[in-house]
């Protein structure tokens, strides 16, 4: 009597264990899908490329660029980064006839485009690196 | 949102169903010497597990899978232990109950108190005190001194030291900039870790040596900026491994029985060959609980529980356990990646590595993939200290999975 029970139960146990694993994997899959990954639409964006492990302030991985975007420490910027080395209004990225231009707004510590400090306005090309304060962004342009 | 809620319920209910069926089966199996207390214990355990999974979802904003995975592992383990020896099974139920309580205590305690990364000396000194206590008061079992017995209770200090060591490494690398400035700064951590490993060698606890070494190597590999140190460490690891092979007859036997256990089937290879027989006997679906002969394997309730599970519940369940550990370790890494505070990140990483390495060593050992080192499978094997320390580690991991935003809001 017990033997029959045990024989049936062993199959049921295996089925339950695998169902359990599958349901957890499904939940984790839904969880991962919910994470904000690379933007899928055609707009241009800035991607964070940082060498430091931790930063004492919050930076997002991606920033979408609209027609005009201000970056700085102040609250009225489209891209707000609370890095002490970034000025209140640090720089402006503006779209003109399909191209994006980077403009430094007399920031205290400057803006570096591919390692060179920019003086006033520079045109952005796909793959440019923009360094401000302690963070570095990669510009990804889409036509 | 609705969909999400329903699917959280599914694994929880599956777990309860599994436990209830197993309880029923075990009581039929053991119906001759069953008393009321055993039934109460069993039902209470199921209730506690269900309620804790439920509560945790409410109070913790962090990860909700790790505890669920762990409770499944525990259920499989305790079923097998009860089948092997009902008395041990009941004890294990008590340990699990205590473990869950300790999990919640650790959760609140670790969350409430801040500044864990500052107490590096405390971790180092208390570990060394525990090591010295083990050497002085320890009793020798199976060739290694790793138990302290006080009255009726014995515990293994090295289980607690594992967690202290993770804290030590984490607080070192969280304040890495500070220590780097000092003269010989990078060598401090290596020195302390080697003191730990020396103590474990003195205790002849080779399984723990392996765990500490791999834990240290893994974290050093990730966080050390001075890459030469990692290389030194690897070299020392290889040299000391080879030396250990020639110095300790203990290690030599392990290697010989790993290469060819059949030659020594009547003495030193007995355990591993019995384990292989048991796994082969079980096949894909197992013999069914109570119908196999796991008692033939020495130490079946601790180190060799995996073989017993494979025999009676099938290799599919064995693979299932390995998969559960995989998901657990994966979740741990994910928690570490998402955590923004460096100390908690390294702690989460350390704990996941600990679970991963421990299960790898023992699964590999009983399957004769790597030389056998007797350690427990976290959450599955019988053992009070192992269970409690694993639950402490899990509680810490649960805290690390939450978004902790102290010290973040500094307006500049």
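The backbone N, Cα and C atoms fix where each Cβ goes, glycine too.
Annotations in TrEMBL come from automatic prediction, not curation.
Keep in mind the model is a prediction, meaning the values are calculated, not measured.
What TrEMBL lists as transmembrane segment is B:12-29 (among others). Nonlocal intrachain contacts for the transmembrane segment (B:12-29), taken as residues 6+ away from its ends with a CB within less than 8 angstroms of a stretch CB, comprise 38-39, 42-43, 45-46, 49-50, 53-54, 68, 71-72, 75, 79, 82-83, 289-290.
Sequence-distant contacts of the transmembrane segment (B:38-59) (same chain, at least 6 residues past either end, Cβ-Cβ under 8 Å): 8, 12, 15-16, 19-20, 23, 26-27, 67-68, 71, 74-75, 78, 86, 90, 93-94, 96-97, 100, 103-104, 398. Annotated transmembrane segment per TrEMBL: B:38-59 (among others), in sequence order.
Note on the transmembrane segment (B:65-82): residues 11-12, 15, 18-19, 22, 26, 30, 45, 49, 52-53, 56, 88-90, 92-93, 96, 103, 289, 294, 301, 305, 308-309, 312-313, 317, 321, 324-325, 327-328, 331-332, 377, 379-382, 394, 397-398, 401 of its chain, located 6 or more positions outside it, place their CB under 8 angstroms from a CB of the stretch. Among the features that TrEMBL reports, transmembrane segment is placed at B:65-82 (among others).
Listed as Cβ neighbours of the transmembrane segment (B:94-113) (distance under 8 Å, sequence separation of 6 or more from its ends, same chain) are residues 41, 44-45, 48-49, 52, 60, 67, 74, 78, 383-384, 387-388, 390-392, 394-396, 398-399, 402, 404. Annotated transmembrane segment per TrEMBL: B:94-113 (among others), in sequence order.
According to TrEMBL, the feature transmembrane segment maps to B:119-138 (among others).
If you look up TrEMBL, you'll see B:150-173 (among others) marked as transmembrane segment. Within its own chain, the transmembrane segment (B:150-173) has Cβ neighbours under 8 Å at 116-120, 123-124, 126-127, 130-131, 133-134, 139, 179, 188-189, 192-193, 196, 200, 203, 205, 208, 211-212, 215-216, 219-220, 223-224, 342-343, 346-347, 350-351, 354, 383-386, 388-389, 392-393, 396, counting only residues six or more beyond its boundaries.
Here TrEMBL flags B:185-202 (among others) as transmembrane segment.
Summarising the annotation, TrEMBL assigns transmembrane segment to B:207-223 (among others).
Per TrEMBL, transmembrane segment is recorded for B:229-248 (among others). Outside the transmembrane segment (B:229-248), and at least 6 residues removed from its termini, the chain residues within Cβ reach (under 8 Å) are 186-187, 190, 204, 206, 213, 216-217, 220-221, 255.
Taken from TrEMBL, the feature transmembrane segment applies to B:313-331 (among others).
What TrEMBL records for B:343-367 (among others) is transmembrane segment. Within the same chain, residues 116-117, 162-163, 166-167, 169-171, 173-174, 207, 210-211, 214-215, 218-219, 222-223, 272, 275-276, 279, 303-304, 306-307, 322, 325, 328-329, 331-333, 335-337, 373-378, 390, 393-394, 396-397, 399-401, 404 sit at least 6 positions outside the transmembrane segment (B:343-367) and bring their C-beta atoms closer than 8 Å to a C-beta of that stretch.
What TrEMBL records for B:379-400 (among others) is transmembrane segment.
Same-chain neighbours of the transmembrane segment (B:313-331): 63, 65-66, 69-70, 72-73, 76, 80, 279, 282-286, 289, 306, 352-353, 355-356, 359, 363, 380, counting only residues six or more beyond its ends whose CB sits under 8 Å from a CB of the stretch.
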